[in-house]
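Over in TrEMBL, the protein carries these features:
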- His121: active site, proton donor/acceptor (ACT_SITE)
- Cys144: active site, nucleophile (ACT_SITE)
- 112-130: compositional bias 'Gly residues' (COMPBIAS)
- 24-168: domain 'L,D-TPase catalytic' (DOMAIN)
- 108-135: region 'Disordered' (REGION)
Amino acid sequence: MPHAPPIAAVATPAAAAAASSRVTEIRIDKSEHTLDLVADGTIVRSYRVALGPGGSGPKLYEGDRRTPVGTYRVAGRIKGLFHQFLVVSYPNEEDRRRFAELRRRGEVPPGRGVGHGIGIHGVGGGGGEQHAGAHKDTDWTLGCIALDDDEIDEVARRTPDGAKIVITD
């Protein structure tokens, strides 16, 4: 799936002032393949991302390869997993309710749960092509959001645990 070219940091005076501010929210737009860092209501940095290839709409169950849609939090971080991994607090209550209803209707494959282990991460492994963003030319994750390693380092450095994550279609 082709994506838009890399996005530069927003260059407005308000954004420049907010660039040193701590990130309060991460916004991910699945249809645009973008991740925005937001400080005090102002987008201070934007990135192009790879997602799960499962398509639009919310994550329905474990293994559907969809990136979830909803409001979450940064629930922790794991150094070394895909270079660096910010844990997304998936599933939320809405995700659990949706899954329970799908299961009740018999629409969940046998042995599948609601899913877990969703995160915002790098690529890891040290290959030069990943740092040039080549991995973003195709949606390849199991439902996570993937950045270049240097980008996830910046996102992790600027974003505290507990920060809001909003993922939209």
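Our numbering is plain: 1 for the first residue shown, then up by one each step along the chain.
Backbone N, Cα and C define each Cβ position, glycine as well.
The average pLDDT computed over the domain 'L,D-TPase catalytic' (24-168) stands at 94. The local packing around the residue listed as 'active site, nucleophile', expressed as other Cβ atoms within 10 Å of its Cβ over all shown chains, amounts to 22. When the alpha carbons of Cys144 (active site, nucleophile) and the residue listed as 'active site, proton donor/acceptor' are compared, the span between them is 7 angstrom. Annotation for the residue listed as 'active site, proton donor/acceptor': spatial neighbours Leu81, Phe82, His83, Gln84, Phe85, Leu86, Cys144, Ile145, Ala146, Leu147, Ile152, criterion Cβ-Cβ under 8 Å with sequence separation of six or more.
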